[in-house]
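What Swiss-Prot says about this protein:
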- 60-80: transmembrane segment (TRANSMEM)
- 113-133: transmembrane segment (TRANSMEM)
- Asn146: N-linked glycosylation site (CARBOHYD)
- 151-368: domain 'TLC' (DOMAIN)
- 166-186: transmembrane segment (TRANSMEM)
- 204-224: transmembrane segment (TRANSMEM)
- 241-261: transmembrane segment (TRANSMEM)
- 339-359: transmembrane segment (TRANSMEM)
Amino acid sequence: MFKATTSARHRPGQGNSLSTLMARYNNQGLQRYSLKDKEHKIRRRKRSWGFQHSVILKNSWALPLLLTIVLPVIYAIHPVESKFFGHFILLSYRHGSVTDGMAFPVAQYKKGLWDLAFVAFYANALFLARKFIMKRLLRPLALKNNVSTMGKQQRFMEQMYTACYFAVMGPFGLYVMKTTPGLWIFQTHGMYDSYPHRSLGPAIKFYYLLQAAYWVQQSVVLVLRLEKPRKDHMELTVHHIITITLIALSYRFHFTHIGISMYITHDISDLFLATSKSLNYLSHRLQTPAFCLCVIAWIYLRHYTNWRILYSVLTEFRTVGPFELDWEAEQYKCQLSQFITFGLLATLQTLNIIWLYCLLRNAYRLLFLRIAKDDRSDTDKSEIEHGD
């Protein structure tokens, strides 16, 4: 009599629709979870890198200290058995001596791959010296002279370290130039007339490789961002790349006499620049005359003298000494090397012109507006206007 009834009749596709909704909901949840998980991983990586970078900054002296102490100790204990370690500490490839026009024999050294070990060791040593001098000697000096803010202290220490290094290497470079025939006072003829310079005296080789070690160390500082990037960070990066390239090519292909002159022009001008900037941080009364001397030295060395060297590459490079490519005789003074040398030096000169513009603008501000500020550097918000 009575028909069976149901509270709800099954509709075709209802179960599938519900399953689809549930699947979509689950997928959306999984996507949200996946996005959150990715964001969490990114934040964790950033925190991890920040921690690692902090550890590197705080302990950047550890590896240089270890290498600087261990290698000389091993070599001192067993100098014969530790000939391998001797390549890191002493000059390699000695091959006789010369007495031509000299009171006593002077050792001569060839070039080879072990010279890279020497550069690597002294780059580490300079890295350690930089850390020690800045933290133990220059920071107390900054505090004693009321350089209060951390930004100014860091810049002051960086510039003073640079001044200390070039105060040693500048005169040493002049000594090397003085004792190298035909180079004194930036004579360009002597750069080419005795080419190729396959063997070097101990002073020249040590000077050249130590300078290479310094620029390797400076490049590491730049890559690890151990110094706060300046506004001219890009120009500085290009400068370091060009410098390392010039050092490597000039050493390998026997153009070291050109390299000596280029070293000196940049070292002495950098000495004046770093000294004037350091006096600026100290608000010293000599900062204005020091900066004026810096501009004069910069124009004479990095422009007048460098332009003379550039001109000699276009003229004397071809006419003085041999001009041919002979791989067996290690004779590389040819049209290709002339083009490469001029291109690299011209690029370096372009960077120097950019920095000269900054110097002249700073000179105008200092002399006429009484503002002692280097506009190449980033200034901390806590620093006053007269900071770097």
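Glycine is no exception: its Cβ is also placed from the backbone N, Cα and C atoms.
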Best-contacting stretch, by C-beta pairs under 8 Å, relative to the transmembrane segment (204-224) and drawn from 113-133, 166-186, 339-359: 113-133
Overall pLDDT for the domain 'TLC' (151-368), taken as the rounded mean: 95
Spatial neighbours of the transmembrane segment (339-359) far in sequence, C-beta under 8 Å, 6+ residues away: 232, 235, 238-239, 242-243, 245-246, 249, 255, 258, 262, 294-295, 298-299, 302-303, 306-307, 309-310, 313-314, 317, 374-376
Sequence-remote partners of the transmembrane segment (166-186) [C-beta within less than 8 Å, at least six residues beyond its ends]: 193-194, 201, 203-204, 207, 210-211, 214, 257, 260-261, 263-265, 267-268, 270-271, 274, 305, 308-309
Other C-beta atoms that fall within 10 angstroms of the C-beta of Asn146 (N-linked glycosylation site): 9
